[in-house]
Amino acid sequence: MFDRNKPTDEASASSAQGIERRAIEGSLRQESSSSVSIRGPEQAGPGLSSVQNRQGYCNCCHVHYSNLEQHVFSSQHRHFTMYCRNRTGTTILMERFLQDVLQHHPHRYHDNRPTYDDVPYPISPMAPQDIFLLPEEEKKEVELRWSRNQTFQWRKVVLESKRLSGSFFHQALHWNETAGGIAGALSDKENTFLQSNSSSSKNNNQSNEIQKEVTLPSRLVYYINRDSESPYRILDTRARHQQKHNKAVHLAQASFQIEAFGSKFILDLTLNNDLLSSDYVEIHYEDGKPQFSKGGEHCYYHGNIRGVQNSKAALSTCNGLNGMFEDSTYVYFIEPMDLTHSAKSTVRPHIIQRTLGTQTSKQMKNVETESSSEWSFLSELQWLRKRRRKRAVSASRGIFEEMKYLELMIVNDHKMFKKHRSIHAYTNNFAKSVVNLVDAIYKEQLNTRVVLVAVETWTDRDRINIRPDPLQMLHDFSRYRQHYIKQHTDAVHLLSNVTFHYKRSSLSYFGGVCSVTRGVGVNEYALPLAMAQELSQSLAQNLGIQWEPASRKPKCDCIESWGGCIMEETGVYHSRKFSRCSIAEYKEFLLRGGGACLFNRPTKLFETPECGNGYVEAGEECDCGFRMECYENCCKKCSLSNGAHCSDGPCCNTSCLFFPRGYDCRYAVNECDITEYCTGDSGQCPPNLHKQDGYACDSNQGRCYNGECKTRDNQCKYIWGIKATGSDKFCYEKLNTEGTKKGNCGKDGDQWIQCSKHDVFCGFLLCTNLTRVPRIGHLQGEITPTSFYHQGRVVDCSGAHVLLDDNTDLGYVEDGAPCGPHMMCVDRKCLPIQSLNISSCPVGSDGKVCSDHGVCSNEATCICNFSWAGTDCSIDDPIRDTSNKKVEGPKGPSATNLIIGSIAGAILVAAIVLGGTGWGFKNVKKRRNSINKEEH
C-alpha cells in the first residue's frame with residue numbers, strides 16, 4: 001500500500017495531499033463499499049517512511065498515536081471508519097485525517113489549501129497548458145486547489161462521480177493551467193454543469209451520509225416593467241453608490257435561488273442587525289500601535305426558505321454564499337468553490353452538502369420531546385429552586401424566556417491573519433461569518449443573541465505565546481484581556497491557526513461569562529461551519545454547559561440521529577443542536593445567579609432609523625421587528641396606536657398600557673439576586689442586577705458573591721449531588737492544618753501547603769456522602785475517604801480533586817464562601833469583607849447604607865424598597881395599592897333606584913291586574929244583558 005521510495009522535495013511538496021489521500025484510502029478500502037482511487041497503483045507516489053515514527057493526534061479516533069502507519073492499520077482506527085462510514089462519508093473521513101496528518105507533521109508536508117477568503121475577486125485570466133478531460137457523464141463535483149507561488153499551479157480533484165451500478169468511481173484530473181482557462185471552460189460548460197447536476201441528483205439515496213453537489217446559485221431581482229422576480233447570476237448584495245465609514249453597505253433584504261438535489265430553494269434573507277453593536281470596532285496593528293476603525297462590512301443574513309414553515313437560514317454574502325439553511329427534512333451547507341469565477345464569467349459554482357435534518361431524524365428515532373420533561377440527573381438540582389419565590393403566571397417573563405444578549409469580542413492571532421493572505425478585512429469577515437452562524441444557533445435554542453462588539457487582529461505579531469498547549473494559552477490570553485482589552489464585553493475569544501495537542505479543538509473557563517478574568521476562550525482554526533461549532537462549544541462552557549460523555553447520551557441525546565449534539569464528547573460533524581440536558585444546564589446556570597450581564601441589550605449598529613428592525617430609534621415610537629414581538633394592534637408602522645402607551649416588554653400589558661410602578665417584571669432567582677420592578681413609565685424591565693458581594697444569605701450561613709449564595713454545603717451538593725453536605729468544622733480544623741493530600745491549602749511543586757488556623761475553612765473542600773464519580777468535572781486521582789469519632793459520633797471528612805477542562809480544581813473551597821464573622825474566602829485566604837475594596841453605596845443621614853430602606857447592588861447603587869425612593873432610599877414615596885381596586889366600567893343601579901323601581905313595578909302590575917279584572921267584569925255584564933233581551 002505504501003511505496004517507501006524517498007521522493008524529491010519538489011514531488012513531495014506538490015503531491016503531499018495525494019500521498020495522504022492514498023494512505024487513508026488504503027485504510028478504508030476494505031470497509032467501504034465505494035471503491036476510491038485517487039491514483040492508480042502504477043502511479044503510487046512516494047510513501048510515508050518519513051512520518052512513520054512521528055507522533056500525532058488523530059481527530060477521528062480522539063487518541064494520540066506514536067506511529068502513523070500502525071495507527072492507520074490498527075483495529076481501533078479501522079473500526080472507527082467502519083462505524084462512521086455511513087454517518088460521515090468516506091470522503092469526509094479522508095479529508096479529516098488528511099488535515100490531521102498535515103497539521104501534526106508540518107516539517108514534511110504542507111497544506112496549501114485556501115479558505116474561501118483566500119480568493120481575490122475578480123481574478124485575472126491566464127492561459128491553459130496541459131488538460132486531461134474526463135467524460136462529462138462521470139463528472140459530479142470538482143474542487144479547485146492552488147499552491148501559493150508565482151506560477152499558480154492548479155490541481156483539480158474530482159471528489160465524487162456519478163453513481164454507476166451501485167458504486168462510485170472516483171478519478172483525478174491534474175491541471176497545470178491558468179485561471180483564464182478554467183474560467184473559459186466553466187463558461188463554455190455552464191449548461192453541462194447544470195444538466196449533470198440535475199441528472200445526478202435523481203440518484204441520490206436517502207442515507208445518512210453527506211451528499212454533495214455543485215450548484216450555480218442566483219440572486220432574484222426585479223427588472224424594469226416586470227412584476228415578478230428573475231434570476232441574476234451576480235450574487236453581490238452591495239448597495240450601489242453607498243458607503244458607510246468607507247465600508248460597503250449591503251442590501252437590507254435579498255433573495256437567492258438555489259437548485260440542488262432535484263429541488264429549487266428560494267431563500268428570503270434579512271440583514272442580521274443584531275449581529276454588530278453600535279460600538280462595534282475593528283482593531284489592527286501598525287508599527288506596534290493599535291489602529292481603530294469604526295464599523296465594518298456587514299454582509300451577514302438570517303432568513304428562511306420561502307414557503308417552508310419552520311425553516312431557517314444563516315448566510316454571508318461578502319464573497320459568494322457561505323452558510324447553512326434548513327428545511328423540514330435536510331440541513332444544507334453551501335460555500336463557494338475557489339477560483340472559479342472571473343471577469344469573463346458571471347457564473348460562480350458553489351459546493352452544497354446536505355444531511356438529514358431535525359424532523360426526519362426525529363421520525364427515524366421515534367422519540368417524543370417535551371419542553372417540560374425532567375431528567376433523572378437534573379432531579380438533583382431541584383434544591384437550587386427551593387428558595388425561588390413563587391409567582392403567578394402572568395405577563396412578566398421568566399429568566400429563560402427573556403431574550404439575552406452575549407456581547408462577544410473576537411481576537412485573531414497572527415497565524416490567522418497570515419492564513420487569510422495577510423489581509424485584515426478577509427480575517428475580520430471570516431470571524432463575523434462564524435459569529436453569524438453561532439448567533440443563529442443560540443437565538444433559536446438558548447433564546448440568546450450573540451452580538452459582536454469588536455474584532456481585533458494581530459497583524460504585526462502575536463501578543464501572547466501561541467503554542468499547542470491550549471491550557472497555557474488560555475491562562476496567557478486571560479492575562480492579556482485583563483491588561484490590554486478595554487472594550488466592554490461579556491466574553492473574549494481567541495481564534496488561532498494552531499493545532500492543539502489536546503482532545504478538543506477549543507477550551508474556555510467553565511461558567512466564566514461576565515468575568516474579566518474567566519470570560520475567555522481559545523479556539524483552533526477550521527472552516528467556517530466547523531469553526532462555528534467550536535465557538536458554540538467554548539461559549540457554552542462559559543455559560544455553564546458541560547461536555548456530555550457517552551454515559552449521558554441515552555438521557556441527553558438530541559432529536560437528531562445523524563448530526564449529534566453540540567456538546568458531545570465523541571465528536572460529530574457540523575452538529576448544530578444543543579441537547580435537552582445542555583439547555584437545562586443553561587437554565588440552572590441562570591437560576592444560580594450566573595449570567596447577570598446577559599440581560600443588558602446592546603444598541604444596534606446603524607444609526608439611520610429603519611422601521612421593522614426591532615429597535616426603537618429616533619423618529620420611532622415602537623418597532624416590532626420582523627418577528628412581530630409586539631402585542632396585536634399596539635404598534636402600526638413604528639407608531640403607537642391611538643391610546644397605546646407601549647407595544648411590548650415585560651412591563652407592557654396586553655391592553656398596550658404600562659404596568660403600574662412596583663409591578664415585578666423579573667423575579668429574583670435566589671437570595672443574592674434582586675427583583676426588578678416596573679417603573680410605571682416604560683414597557684421594558686430595568687437592567688438585571690444582583691446584591692453586592694458580602695451580603696449574608698442562607699440564614700447567615702453563606703455570603704453573596706457574584707450573584708450566588710456561596711456555602712460549603714452548596715458547593716458539595718453542586719459537585720457530588722443533592723445528598724452531599726459540607727463536613728463538620730472539626731474536619732477542616734483537623735485535616736487542613738496537616739498539609740497532606742487529605743487536607744491542605746494547595747500545592748507548591750510536590751509539597752502540600754499547610755493551612756494556617758485562620759485559613760482552614762478556605763482550603764481543601766471536605767464533604768459527606770460523596771458519590772463514586774462527581775456530577776461535574778473529572779476526578780484527578782482518587783477520593784480520600786476519611787472519618788473520625790468526634791463528640792460521640794462518626795464524622796465523614798472526605799474530599800477529592802475534581803478538575804474542569806480549564807484546569808480549575810473544584811476540590812477547594814470556592815471564593816466567596818464564609819470563613820468567619822464578616823469574613824469570606826478569596827484565593828484560599830480568609831479575608832475581612834471590608835478589605836476587598838468593594839465600592840460602597842450611598843449612606844443616609846442615619847449613617848446606614850441605603851438608609852436601611854433598600855439593598856446595595858453590584859453597580860454600587862441603591863435599589864429601594866417599595867415605598868422609598870431617592871439615591872439613598874431616604875424619601876418616603878408610598879406606592880398606591882392598585883391590586884384590590886375594582887376595574888372601572890359601566891355603573892350599575894344603586895340600592896335606592898332598585899327600591900323605587902321595585903315599587904313602581906308593583907304599582908304598574910297591580911294597575912294592570914285591576915284594569916284587566918274590571919274590563920272582564922264589564923264584558924260579562926254586557927253579555928248577560930244581551931241574553932236577557934233575547935229571551936224576552
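From the backbone N, Cα and C atoms, a Cβ is placed for every residue, glycine too.
Cross-referencing 1-49, 197-245 with TrEMBL places the feature region 'Disordered' at 1-49. Which of Cys856, Cys873 pairs with Cys864 is settled by TrEMBL: its disulfide partner is Cys873. For Cys665, the disulfide partner named by TrEMBL among Cys646, Cys652, Cys656, Cys685 is Cys685. Between the C-alpha atoms of Cys873 (disulfide bond) and Cys685 (disulfide bond), the distance comes to 20 Å.
For the disulfide-bonded residues listed here (Cys864, Cys873), the lowest count of other CB atoms within 10 A around the CB belongs to Cys864. Counting residues per DSSP class in helix, strand and coil order gives 0 helix, 14 strand, 72 coil for the domain 'Disintegrin' (608-693). It is 16 Å from the Cα atom of Cys864 (disulfide bond) to that of Cys685 (disulfide bond).
Looking just at the domain 'Peptidase M12B' (404-602), the mean pLDDT is 89. When other Cβ atoms within 10 Å of the Cβ of Cys665 (disulfide bond) are tallied across all protein chains shown, the result is 24.
For the domain 'EGF-like' (837-874), residue counts in helix, strand and coil come to 3 helix, 11 strand, 24 coil, using DSSP. All protein chains considered, the CB of Cys685 (disulfide bond) has 22 other CB atoms within 10 Å.
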